[in-house]
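Feature list (source: Swiss-Prot):
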- Gly95, Glu96, Ser97, Gly98, Thr99, Gly100, Lys101, Thr102: ATP binding site (BINDING)
- 1-778: domain 'Myosin motor' (DOMAIN)
- 950-1008: domain 'Cytochrome b5 heme-binding' (DOMAIN)
- 1797-1852: domain 'DEK-C' (DOMAIN)
- Asn221: N-linked glycosylation site (CARBOHYD)
- Asn520: N-linked glycosylation site (CARBOHYD)
- Asn558: N-linked glycosylation site (CARBOHYD)
- Asn662: N-linked glycosylation site (CARBOHYD)
- Asn1037: N-linked glycosylation site (CARBOHYD)
- Asn1061: N-linked glycosylation site (CARBOHYD)
- Asn1422: N-linked glycosylation site (CARBOHYD)
- Asn1456: N-linked glycosylation site (CARBOHYD)
- Asn1562: N-linked glycosylation site (CARBOHYD)
- Asn1755: N-linked glycosylation site (CARBOHYD)
- Asn1767: N-linked glycosylation site (CARBOHYD)
- 585-650: region 'Disordered' (REGION)
- 658-682: region 'Actin-binding' (REGION)
- 887-907: transmembrane segment (TRANSMEM)
- 922-942: transmembrane segment (TRANSMEM)
- 1199-1219: transmembrane segment (TRANSMEM)
- 1587-1607: transmembrane segment (TRANSMEM)
- 1621-1641: transmembrane segment (TRANSMEM)
- 1650-1670: transmembrane segment (TRANSMEM)
Amino acid sequence: MSSAPTTQQNLAALPAPAMSDTGITSHIASRYHSHLPISTLSTQGYIAVNTYTNSAKGPNGGKDGSAMGAAEELASRMWARLGHRQENQAAIFLGESGTGKTTIRSHLLSSLLQYSSTPLSKKLSFAAFVFDSLTTTKSVTAPTASKAGLFFELQYDTGSSLHPTLIGGKVLDHRLERSRVATVPPGERNFHVLYYLLAGTSDDEKEHLGLNTGITAGTGNRSSLGTQKRWRYLGHPSQLKVGINDAEGFQHFKTALRNLEFPREEIAHMCEILAAILHIGQLEFMTSQSTTPAPDESGGYGHEGGEEITVVKNKDVLSMIAAFLGVGDRTLEQSLGYRTKMLRRERVTIMLDPKGARENADELARTLYSLLVALVMEKINQKTCAVEEAVANTISVVDFPGFADTSSTGSVLDQLLNNAATECLYNFCLQSFFERKAELLETEEVQVPLTSYFDNSDAVKGLLKPGNGLLSILDDQMRRGKTDLQLADSLRKRFEGKNPAIEVTSGTVQLPGANFATQNTSQIFTVKHFAGEVKYPVDGLLEENGEVISGDLMNLVNSSSSPFVAELFGQEALNKVVHPDDRNAVQQASVASKPSRMPSMARRRGGKAGRFGSRRGGDIDEEKDSDEGRARSVSRHRHNPKSADTQQGASAQFLSSLDNINKSLTAPNTNPYFFFCLKPNDRRIANQFDSKCVRQQIQTLGIAELSQRLKNADFSIFMPFGEFLGSAEGEVSVVGSEREKAEMILDEKSWPKNEARVGSTGVFLSERCWRQIVRAGDLGVVPMPPSDENPFNNPESLTPMDGKRGFGESKVHLLQTPGSAIYSDDKAAGYFGSRDMDAKSDAGASALREGDMFRNLETREELAEKGNEVTTTPIEERPKSASRVRWLVLVYVLTWWCPDWAIRIIGRMPRQDIRMAWREKVAINFIIWLSCAFVVFFMVGFPRIICPTQHVFSPSELTSYDGKNSDAYVAIRGNVFDLGAFIPQHYPSIVPASALEKYAGTDATNLFPVQVSAMCQGTDPDGTIDAAVQLNYQNRNYTGQNLISTTDNNAQYHDFRWATNDSRPAWFTEQMIFLRGHYWKGSVGYSPQYLKTLAKKSNQVAYINNRVYDFTDYIAGGRAPQYPPGEERPDTLPDSNFMDSRVVDLFSQRSGEDVTKYWDALNIDTGLRDRMQICLDNLFYVGQLDTRDSPKCQFAKYILLAVSIMLVSVICFKFLAALQFGKKNIPENLDKFIICTVPAYTEDEDSLRRALDSAARTRYDDKRKLLFVICDGMIIGQGNDRPTPRIVLDILGVPETVDPEPLSFESLGEGQKQHNMGKVYSGLYEVQGHIVPFIVVVKVGKPSEVSRPGNRGKRDSQMILMRFLNRVHYNLAMTPLELELHHQIRNVIGVNPTFYEFLLQIDADTVVAPDSCTRFVSAMINDTKIIAVCGETALTNAKASFITMMQVYEYYISHNLTKAFESLFGSVTCLPGCFTMYRIRAAETGKPLFVSREIVNDYSETRVDTLHMKNLLHLGEDRFLTTLLMKYHSKYKTKYIMRAHAWTIAPDSWAVFMSQRRRWINSTVHNLIEVIPLQQLCGFCCFSMRFVVFLDLLSTIVQPVIVGYIVYLIVQVATNPASTATTAFILIAAIYGLQAIIFIVRRKWEMVGWMIIYILATPIFSFCLPLIAFWNMDDFSWGNTRMVTGEKGKQILVSDEGKFNPDDIPRKKWEEYQAELWDAQTRDDAQSEMSGISYGTKSWHPAASEYGYAMSQHNMSTLSVPHMPHNGSRMSLLTSDNGMGMQQRDYSASDIDMSDMPNDDAILAEIREILATADLMTVTKKSIKAELERRFGVPMDSRRQYIGSATEAILSGQL
C-alpha cells in the first residue's frame, strides 16, 4: 500500500472506494502498524486505537501522533471555539470497554485544565482522580475500566475578559455499578479504592481498621499475617497483585482529598466505612434457634422460643463493623437477620435464612459504598461548583461505561441502563452528524447529497421515550407493585408489532410432552442495540429496579452514634419513603441513580451566544431541580392524588439524568466533539491488529457512514454574512452584496464545497476553514495567565508552571506497572504532576501520609462502647417495695464476694439492672443448691449421723456367711474375718480348702489358745503374770454347733502357749494384727436386750464404750495354771487373780448393763487403768454393742423407706385421680357463646390451616362460636412466601382488596412501643359444612416501626381480647381498635360482646378434637365454680427425633397423673396456653372473672425489669395467668378434662427443647414464690390438698437430687439386698407399674415403649435440664428499658424507646362511638365497615347493622340467647329476639322537618313489599332505608330506628 493513504489522518478525505468498513479498517491498520493510532473525522471526531503501550508516545518519540497529542489538539480546538465564539463545548467518548476511553479522557481533562492554571484547576484535577479511584476497576478487557457514567463540567465566564475564565466545575456521577461491591466477577477487581485501603495503610492503621486479622472468608480460621488473606469482596487473592501500585494509590488518594479540603477526621471516617464494607463481606451466617426469651417474643407458641433465626458466626468481625457504624453488635446482627419491605402498602418483616442474611449484608455494603461515593462527589461539587448565574459557558466531558452484551456481575439492571446510556449517546452522535444542521441547510437553500446510515432511533425511543418507553414502563410497573410476569405482559402489549427494536418472548410455552401451553416463567425481552442484540431476563428486574434499602437498615443507622454515618445517610442522594401519617417514620429508601446536580446548560431555556454584554447562557429553568436543597423524600407527594405511592426507581432516575445530559448536549450554542475508541484485538496484546475485531467496531459505530457524511457536508459552523465578513477583514471586496462578497472570499480560498458553502443569510464552514478565516491558530493554544481579578486565584498557594509542561507529564503511574506507561485508564498520568501541588496542600498531605490518620481519634474499642450506648429518656419513677429491699439485702449477703466492677468488666454487663439480675440468679442458685444439699443430707447424711454405720454381725448374720450361698466369714475373739479370702493364703498349703471351709459361719476362738502373760500385765506394777496362768474361753453368744470346741483336732496346730513344747508368746498377737489388717470385716454384735438375757443366765457380761467384755469364765475360776509335760506342779500355785477386784466387781454386780460411767468413776490410778484396759481388750473382748435395733437406728433405717412411701403415695393418689376420670361424660346440646382465640406469629400455612380448621369444625353451634385470630406483627417466617396475616386471611377467604385502616390500641411494650396499631377484619369461614364467624386482628404497628412492625409477643395478643372484654363488661372507654372490635362483633356479626361466656385459647400449631369445645362447656355448666379447664395435649410429631420421643410419655403422664390429681382438688396449677378454656364471667351474677380488673392489671404489667418479673411474664405467662386466677378467684376451681384432646408440636431439637424446659422450670420456681403467700394455700394442719400441690411444685427445685436419690437406692440395693433400700426401690419401681396400669386400662399399648424411652431419659429431665435452667435464669433479651438509681432509693425507669403518653390513644365509650357511627353512616354508608360480608356467602360488601349477615338459613337475629344480667351500661336497648337492640336517638320537630314524613303504617307496608321481592341473602337495613327514601322522596334518617325494628320484626315473624 502506498504511503499516501497511510499518512492521511482524515478518514473523510479518503477516496470513495476506500470509504467502506473494509477500506477504513485497512487504512486504520496501515496507520496502526506505522505507530499512528489516531485518525480523525475531519475536525468533528477522532478515532483512537488502543495500542496497549505508552499513550503519550508517538511514532517519533514525542507526543505527536499519540493519544495524548490528540487529546491536547482537541483541547486546543475546544478552547479556541470557547474563546472566539463563546460556544459550549462537549467531548463525548464512545467505544467498548477496554478501548482506552478513560485514559484519553484523563489526557483531555489535563490539557483543558492547563489553560487555567489556578488552585481551582488543581482541585478539579484532584476531583477527577478521586472520582476514578472510587468508580474504576480492573476488568477482563481493561486494567482500569470505568463503572460509572461521568459528566465532567468545566464552568467558564466568557463575558468579563478577552479570555475564558475557569470559575467552577462539576463532577456528575451517573449510575455507579453497585452490584460490583458485593459481587466481583472472576478475573476482575472491585473498585480500586478498596485495594488502596488494604495496601496503603500503616500497621497501626491496619490494627485500628481490623485489616490485619487474617480472617479467611468461608472458613472463619485465623492465619498469620504473612499468609494471603481471602477477602470476599476483593475477589481472588491474585487480584491483589496485578501490577497496580495500590499502596502508592492510597497515598495519592488521601493527598487528593486533603487538597480538596477534606479534614483529616473525615478522611479517617471514610476509611472506616471502607473497612466496614470489607468486613461485611467476611460475615458468616448460620441458622440458630431463638432460645433467649425476649419481651416481644411470640416464639412459635408451641415451640416456646424455638423460632429459627439467623445469627452471625464470627462475632469479632461483627463487632468491628458495628464499631465503625456506631451501632450495637446485637442491633446490627438483628438487622441483618430480617428485612422489612413494603408489600401492598404494608410493612412486612421477612425472617431471613443464612442466604438471605448474606444478601442483606451485601445490600448494606452496596448502600454504604454508594452513599460514600455520592457524599464525596457532592462535597467536592460544593467546593468547586460556581453559582449558576455566573456560568456563561461550559466544557463538558461525557464518558459512560462501554456497551456490554453480558453482565459481568449478574446485574441485569446495570447492564440495561448502561447500554441505554450508550444507545442514547450514540444516537446523539448520529443526530449531530446527520440531522442537526439539516433543517438549517434546507432553510439556507444549501443542497447536499443525502447519506444513508443506520438509525437507532427505534431503540432509543423504545428504551427512553418518556411515559411509554421501556425504562418508563419498568419504573411504572415497579411503583405499582406488579410482578415480573406482569411486566413482561406490559412490554409485550407495548412493543409487539409496534417497535422493531424490542421483542418480548411469548407469555406461554409448550413443554416437551405436554398437550397444553403453560405460562412461561422465564420470559426475556430482546433489545436490538446499535452494537448488537442483547437478551434481558425479566426475572427479578422489578425488584432490582427498586433497589430498596429496607427500613431496618435505616432504623439501624438512625441509632448510630457516628456523626459521619448520620451524615452519610442524611444526604439528598438517599431517597426516603416516609409514612404519610408520620414524616419521621422512614419506611424504606434507595440510593439515587442520578447525580444530585444537573448540567448547567440543561437548566437553561436557551439564549443567544454573545461575545460581551449580558449573560448569554439563557434563563435558568426554575421548574427543574436546583443544585441546592433538592428534596429527596417522597413525603411531599404523598397527599397529591396524581403522584405515585412510591419513589422513582433506578430506571426512572437514570432516564431523567440521561434526559438532562441530552438537553445539555443538544442545547443551542453547544458544539460536540466525538472520540471513537477502538481496541485492536480482544486479548489486550500490543502490536497485534485483528482486522475482524476492528472492522466489527467500525461497523458498529458507523464510521464509514460518518466519513461519507463528512465527505458530503463537513459543516460545523454557520456564520451570518456580517460576522463572516467581519472575520475576513482585509480580504473583503468593497463592492457587491454581502452574499457576493462572501462568495468571492470562498472562491479566493478555494475551499472544497463540503467544507464551505454560501447560504441565503450566511456561510457554512468546517472548523478548519473557520480557524483559517479567524486565524484561530494563535489563540487558545497557550495557557492563560492567572488574572488578578479572578476570585478563585490564590497567589500565595500557586506553584509556578510553564505552559509547555503540565499534568500530562507526570511520572506517577498509579494504575499501571511502575516504569511503563501502558495505554490504560491512567488517572495518575492525567492528574498528578511533579509540580502541581501548592505548598499548603503539600504540608497537609505529607502530615497525613507520615502519621497515623486515626491518631487522637477514638479507638475501635471506644467506638464500640459508644455504639452500644443509647440515649435514654426517664419514663417512670417508683420506690422500691419493702419486700424487694429485704430480698436485695439477702442477695447481697449471698453475693458479697463478687464486687460490682468484676461483674461489669469480666462479665461484660454494663447495665446495673442486668448486674443485679445476675446477682439474684446467683443468690437463687445458692438457695436452690443449699436446698438440694439439705435434701442430700437428709437422705444420706442425716441417717448416718443418727445411726452411724456399724460393722457388726449378729449370730444369725454370721451363720449365714457359711460359704455355701455367700461369703465365708469366721469369728475369733469378737472379730469377724473373711475366711474365703484367707483360705488361699493359709500356710501350709497342703491343708485342703475343704478342711478350712467347715469353720465358715462359726466362732473359731478355741482354735487359737492365748498366752495370758503375753497379753496382759496384771495388777502388779512390774506387769508380770506367771506364765502358767491360763484363761478358758466360752462364747455365750453362740449355740453349741456354732462354737468350735477346744478339743478340735486343729487347735493343737495353733497352741503356742508356755505349757507346750513350742512356746511362742507373741504368735497370737502377730496373727491377729495380720488378720485385722487384711481380712477384718467387723465385730460380733451383742444387742442390749441379749446382754440382759445373758445376765439373767448368770453371765457376767457388760459393755464399756460399746465394747462388750465377758468375765464369766474368769469369775467362775477358769484360770487353772498349766505346766509343760514332765514339769512338776509347785505346791504353791501362782496367783491367778491378775485382774483388779474392783474391775471384776463392776462386771459381776452390773452384768448386762452399760458400765462406762462406772468404769470412768473407778478410783484407780492411771497406770493400773491402762493395764486393765489392755487386759480387757486382749482377753475379755467378745464383740461390739449392736444398736441397729435401737429406735433411732430404726428411724434412720426406715427414713428412706418413708420418703419413698411419701413419693409413691402422692403418685398413688394421682393414679387414683386418673382412674376417677375414667367415666365418660355425655355432652349436651349447649347454647353458650364462646370465643376461640388463636394467636399467630410465624407459623407455616399448613399449621395455621390445621389449627383454624380444627377450631371451626368443632361440634358446637357455629352461630355461637367466634373464631378470633390475632396476628402478632407483619412478619414473613422462614419458609413462608407471605406474611403470616396474609396467610391467615387467605385461609379465611378475605380478598386482598379488603384493606381496613389501622387503628390505635394499647400494647405491652417499652416506652413508645406501648402505642400499637392494628387492623380488624371480620367475616365468615366456611369449611366442611361449617360456617363460622371470625375476627382477625392484625398488629401492624405504628408508622414509625420499621423492624418487626406490630410485634409485641404472645402475652400482648392475649391482652387485646382480655382488655377488650374487660372494658365491655365494665363499660369503660375503649381505644379505636376496641371500638372497631365492638362494632364488628355487635353490628356485623350480630352478637353483643357481653353474651360471650367462655374463651377457648389454642395455639396456632395446635389441633383440637371435634368434641373438645362441647366437653369443656359441658363441664363448666355442670359446675359453675370452674373458672378454667384444660384437656389432654398429645404430640403430632412424636417420631420426629429422639428429643420428641422423650417427651411423648412425659406429656401423657403429666396430664393423666399430675393434672388429674390436681384437678381432684380444683387446683390445676398450670393451665397450658395451647389448649385451655376460661370462664369470662360468672354464670349467676355476670361478674367478670377471667377479665376482671385485678387479673387484667396484673397480667398487663409492662414494667418487667427484675429477674422475678421476667421469669413470670416472659417465660411462663400461662402458669402466671393460672396463678393470678388462683390468687384473685380462690373460690373457683381449675380443672382437667381427660376426654378433651388436642395435639401440638413439641421441640425436635436439643436447643429448642432445652429452651422450652428452661422456661418451664424457671417459671415454676418463680410462680412458687407467688403462690406461697396465698392465704388459701394451706388448710387445717396442712391437710388441704393444695399443700400437697405445693410440695409437688417444691420438688421442682430439687429435681437433680431425685436422680441422685435413685442412684443411691440402686447402690444400696446392690451392696445390701437385705436392706430397706430394696423395699424403697421396689416401691419407686411400682410407680411406673401404676402408670402402666393407666395406659393398659385405656389400651394405650404404645405407651409401654414410650415409657422405656422416658426412663432412659430421666437423667436429662431431672438432672441436666434443671441445672442448666437454674444457671441460665437471667438469660434474657433485656430490651431497652432499664433502672437507674434516683434520689432516696427510688428507681427511675428509663428507655430509649421514648416515653409513652396514654393521651396519644383516643378513648371513648361505646355509646358515644355508636352515636358517631350512626351519624357517619348517614353521611357515608360505607364508612368503617370494610369487612362486612353477607352471611353464608363470600361476597364482601358494607354492612351497617346486625343484619349484615341476614339470610334465611343462618339468621343471626333468631338466636335464642339466655337472660343476661344488666352490666350497668347506659345503652338503651330495643328488645328483639336476640336480646339486642340499638341506641335510641331522639329527634325533635325543631331539629327535623317531619311535615312530609310518611306514617308508620305506610312505612311498614312498603317494608313488607320490599322484603317480599328482595334477596334475603344480600338485603340490609340500609338498603331498605335507601329504597324507602327513593319511594317516598324524603330523607328517612329520623325514622332509622323504626325501619330497623320493623325490618327485624317482619323477618322474625313478629309482624
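Cβ coordinates are placed from backbone N, Cα and C, and glycine is handled just like the others.
Model, not experiment: these values are computed from the prediction.
Structure with Swiss-Prot features highlighted.
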| residue | record | CB count, 10 Å |
| --- | --- | --- |
| Glu96 | ATP binding site | 24 |
| Ser97 | ATP binding site | 21 |
| Gly98 | ATP binding site | 22 |
| Thr99 | ATP binding site | 26 |
| Lys101 | ATP binding site | 27 |
| Thr102 | ATP binding site | 26 |
| Asn558 | N-linked glycosylation site | 16 |
| Asn1422 | N-linked glycosylation site | 10 |
| Asn1456 | N-linked glycosylation site | 25 |
| Asn1562 | N-linked glycosylation site | 27 |
Under 8 Å by Cβ from Asn1061 (N-linked glycosylation site), same chain, sequence gap 6 or more: Pro1124, Pro1125
Lys101 (ATP binding site) and Asn1562 (N-linked glycosylation site), distance between Cα atoms, whole Å: 70
Thr99 (ATP binding site) versus Asn662 (N-linked glycosylation site) - Cα distance in angstrom: 24
Alpha-carbon distance [Asn520 (N-linked glycosylation site); Gly95 (ATP binding site)] in Å: 36
Between Asn1456 (N-linked glycosylation site) and Asn1422 (N-linked glycosylation site), the C-alpha gap once rounded to whole angstrom: 21
Candidate with sparsest Cβ neighbourhood (10 Å radius) among Gly95, Gly100, the listed binding-site residues: Gly95
Mean of pLDDT values spanning the domain 'Myosin motor' (1-778): 83
Cα proximity to Asn520 (N-linked glycosylation site), best match among binding-site residues Glu96, Lys101, Thr102: Glu96
Tertiary contacts of the transmembrane segment (922-942) (same chain, 6+ residues out, Cβ under 8 Å): 890-891, 894-895, 898, 1196, 1199-1200, 1203, 1507, 1565, 1597-1598, 1600-1601, 1604-1605, 1608, 1670-1671, 1673
Cβ contacts under 8 Å made by the region 'Actin-binding' (658-682) with residues that lie 6+ beyond its boundaries: 28, 32, 41, 44-52, 74, 77-78, 81, 85-96, 98-101, 104-105, 108, 141, 151, 174, 396, 398, 420-421, 424, 428-429, 431-432, 464, 466, 594, 598-602, 604, 606-609, 616, 688-690, 693-694, 697-698, 701, 703, 716
Pairwise CA distance, Lys101 (ATP binding site) versus Asn558 (N-linked glycosylation site), rounded so that it is a whole Å: 41
Cβ contacts under 8 Å made by the transmembrane segment (887-907) with residues that lie 6+ beyond its boundaries: 880, 915-916, 918-920, 922-923, 926-927
Cβ-based neighbourhood (8 Å from the centroid) of the ATP site, residues Gly95, Glu96, Ser97, Gly98, Thr99, Gly100, Lys101, Thr102 excluded: Asn50, Thr141, Ala142, Ala145, Gly402, Cys677, Lys679
Three-class DSSP secondary structure - Asn1422 (N-linked glycosylation site): helix
Other CB atoms within 10 A, centred on Asn662 (N-linked glycosylation site): 19
Rounded Cα separation (Å) that holds between Asn1422 (N-linked glycosylation site) and Asn558 (N-linked glycosylation site): 59
Integer Cα-Cα distance in angstrom, Ser97 (ATP binding site) to Asn558 (N-linked glycosylation site): 40
